[in-house]
Amino acid sequence: MFSRTLFRNTSRVISDSLPRTIPKCSVLRPTPRLSKPSSSSFASQRFRSEFRGPPPPPRRTPKLIHVRFNPEAARTAKPLVTPQQIRNWVFSNNTKWIVITIAGGSVLLIVTNIEEVPVSGRKRFRCLSDAYVEAESNVAYKALLAEFSQQGLILPPGHRLVRKVHRVMERLIEAGDLRNVNWEIHVIASDEANAMVLPGGKVFVFTGILPIAQTDDGLAAILGHEISHNIARHTAEQMSWLIPLTPVRWTLLFLDYTGYTGGLGRILGDLAMDLGLMRPASRKMESEADYIGLMLMAKACYDPAVTIALWERMDAAEKQNSNSIPQWLSTHPASLNRADMFRKWLPEAEGESRTDYIVTAYIAEFINTLTNLVYIYYAYHGIKGNSNRRDAILRNLPYLGIAAVGLGSGIFHATMKNYTQWCDDLSMLLAVATVTHRVFTFDKSITYTVTSGLILTTLMTTFSVWHCVTDELIMHSVLFGIMIAMVGIKTRSIIKARVSDPVVQRDVTNMATWGAAICAQLTTLKRAIGAGAVGAFYASRLAQVPNVLVSVICRSNYQAVFSKGFSVSSPKYGSYTFTPHQTFANPQQAIDSNIIWDYVLVSTKALPDVSDDSEILCGLLKEGHTSIVLVQNGLGVEEPYKKRFPTATVLSAVTIVSAAQTAHGIIKHNRWTRISIGPYLPGTTDTTTLDVAQETAIERNKSFVQLLQAGGIADAEEYSHAKLQMVRWHKIAINASMNPSAVLSGGSTNNAMSMDSELYLHLKGVMDEVLSTAPKVLGTPLPKELATPEAILRSTQKNTSGSKPSMLLDWEQGKKMELEVILGNPIRIAREHGLEMPRLQSLYALLRMAQENRERAKSESIGFGGYEIDGSKLE
């Protein structure tokens with residue numbers, strides 16, 4: 001109906017507008033040009049006609065139709081669609097259903113996508129996902145980045161202004177818990193006073209905004225506002241509203257094309273939606289971002305009061321640049337109105353500010369300042385010690401360098417200002433320059449040393465000032481690296497020239513070359529070197545307690561310890577010398593000393609199938625007074641001592657410590673100090689009524705733990721008998737699974753076994769078997785704080801140091817393994833309670849037979865049987 005009417009009306013308009021005296025159209029035919037045909041053309045035509053059929057008909061010249069325009073006819077022409085036709089269409093049933101469907105769908109879309117804005121709590125409509133909005137914004141981000149990069153406007157990462165923006169952003173991100181956003185920050189060298197944060201964390205800050213911000217607090221107010229648009233998802237909200245408004249635009253566009261609105265419908269509609277809906281909504285979002293940003297900067301411990309002056313400066317800048325427009329025409333509230341709103345919100349923002357965050361933000365700088373004071377004090381102490389020396393000037397130069405390091409770094413960390421940054425940079429250069437000066441002048445004359453020191457100080461100061469003024473970053477790091485390389489090369493040459501012993505030269509050179517990296521090698525090495533390290537380490541800590549005298553019984557290391565004591569180095573306790581009160585070459589010497597011992601600590605390897613170490617203590621114990629402390633692996637290690645000394649107090653200890661005796665008398669403590677100690681009271685539980693002797697054992701256990709804690713072993717823990725035995729079973733779960741499996745698998749490390757899928761199941765199976773047996777044997781449930789097999793194996797998978805179990809190290813060195821206390825005793829104890837441990841029994845049978853075969857082959861090759869007890873020591 002609509003198409004036929006339209007065609008009929010259109011035909012009428014065209015025909016009525018043409019004059020009657022001329023034809024409605026005229027055809028203009030172009031006059032053809034005649035030319036004398038050439039022979040070649042006739043030949044060509046003849047060739048085509050003879051061989052390719054008749055020539056194609058000549059192309060017809062297109063007709064040109066000219067229509068004379070009649071303004072009067074156009075003015076009086078009827079519209080394409082009459083008002084009556086529109087009314088008929090509007091009030092038709094089909095139209096009603098279309099309108100109802102569109103309106104209902106729009107309402108349903110809006111109602112089902114209402115949400116609450118974070119922080120402000122405003123209800124709003126948003127139907128677009130973050131992923132979609134970020135994808136759209138990423139297109140704009142790439143375009144902006146390409147434009148600014150092409151113009152060379154992006155400042156480098158080391159620039160002072162870039163570091164300033166990063167510093168402020170870090171605090172705002174932390175305060176807003178926005179670490180999950182992929183932030184990309186760019187500072188643009190432009191006079192434009194602007195900053196923006198696109199969805200997805202894409203930040204652009206124009207340098208023209210920084211004079212208006214003035215301080216970090218002002219910059220935090222601006223960036224907090226921009227970040228708040230992301231927090232509130234304002235871009236998604238604006239894009240979402242375009243969806244329900246689209247049908248309105250289509251309707252106005254239709255009315256324009258039909259001529260019903262005279263072509264002004266879309267223009268007036270867009271203007272009404274822009275001024276009546278979009279711009280007011282934008283101003284509301286800007287005010288909301290102001291509020292959220294104010295709370296964010298306050299939470300980050302920036303001064304919220306600066307926002308008032310900030311927007312007053314912004315208003316002045318707008319008027320100066322003639323950028324001020326009426327608020328109702330703007331997408332942003334007027335700057336002075338924003339300042340008034342900040343005055344209203346300021347009390348709430350000040351309540352949001354966290355004083356504890358202020359302390360947290362600067363606590364590192366406070367500690368840095370204190371450490372720098374230590375540098376200064378150390379320098380003062382050294383200079384004071386040289387006061388009476390003739391070469392005091394020469395000796396004091398390194399101390400003056402250390403004092404300069406502390407002073408320069410302390411000034412910066414105490415003030416945290418840009419203009420004191422050069423002091424910190426200078427202190428870094430002076431720190432390495434001091435060492436450089438020392439290694440190159442230690443054997444030179446005083447004149448040469450002083451002169452070179454003054455020259456070096458002048459150069460470092462000049463370079464540092466230039467580095468800070470130009471905001472460069474690369475040359476500072478390059479110079480720092482060059483001086484470190486010079487120190488390393490020179491130190492190696494000094495060692496080579498002055499250390500004659502090749503072994504010592506190699507060790508010292510490696511230490512000077514690799515520094516801290518050699519610690520990893522030492523950590524691996526400690527598992528393969530000597531015995532006695534654990535006992536010596538704990539003895540050295542007990543010796544630190546006032547009025548505590550510690551004596552030791554040594555064997556192979558007796559001469560070194562007797563003459564120099566133990567040299568102990570520890571990352572936790574530093575380096576120190578432990579000189580025992582008495583050093584004995586054997587137990588008989590300790591007996592002959594007639595000293596009454598309060599505690600005797602045994603840290604030998606437990607090998608009950610080789611020897612009974614409890615026999616060593618005969619004559620050392622005073623009945624009713626001396627307590628035995630057993631620091632040994634395995635189950636049932638207490639029984640031989642309890643049988644031999646039934647009235648003695650036996651304290652059982654399980655320790656986790658990494659220590660090695662790298663040479664006779666040299667103890668290297670690497671990590672961990674934990675030791676769990678409890679009285680050995682078989683037959684008792686935590687609810688058993690104890691007798692006097694048992695109560696005494698508990699008191700003695702408590703006293704020994706307190707001694708260890710006083711010696712600096714903060715994680716020395718006091719346990720009851722039942723709980724300590726459970727801790728032993730728990731450690732057996734680890735040792736009994738890892739140790740024999742490492743040997744039987746041909747020398748695998750703990751990490752390698754835990755990463756293998758089949759061995760993982762095997763290790764977990766052994767651990768589950770042990771940990772399910774322990775509660776049945778002890779009659780108490782497994783404490784929840786003890787790690788599960790899964791947790792143990794996860795931790796093992798993370799340990800990539802290449803560490804090997806102690807049983808594997810013993811096997812590789814041809815030593816006897818602790819089979820009985822780690823495997824045999826748990827099996828026997830379980831059988832006494834009617835329980836079987838088939839997994840553990842299989843490991844025990846296989847490994848025991850392997851050890852017996854090896855020992856048999858060894859005795860046949862040597863010509864006699866017997867075993868050597870290697871390295872057993874009583875500490």
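Backbone N, Cα and C atoms are what each Cβ position is placed from, and that goes for glycine too.
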Can you identify, from 153-173, 447-467, 615-635, 720-740, the stretch that TrEMBL calls transmembrane segment? 447-467
Select from 128-149, 392-413, 524-545 the stretch of residues annotated by TrEMBL as transmembrane segment. 392-413
Outside the transmembrane segment (392-413), at least 6 residues beyond either end, the same-chain residues with a Cβ under 8 Å of its Cβ set are 365, 368-369, 372-376, 378-380, 382-383, 386, 420-421, 423-424, 426-428, 430-431, 433-434, 437-438, 446, 449-450, 453, 457
Taking every residue in the domain 'Peptidase M48' (163-345), what is their average pLDDT? 84
Work out, from DSSP, the number of helix, strand and coil residues along the domain 'Ketopantoate reductase C-terminal' (725-850). 92 helix, 0 strand, 34 coil
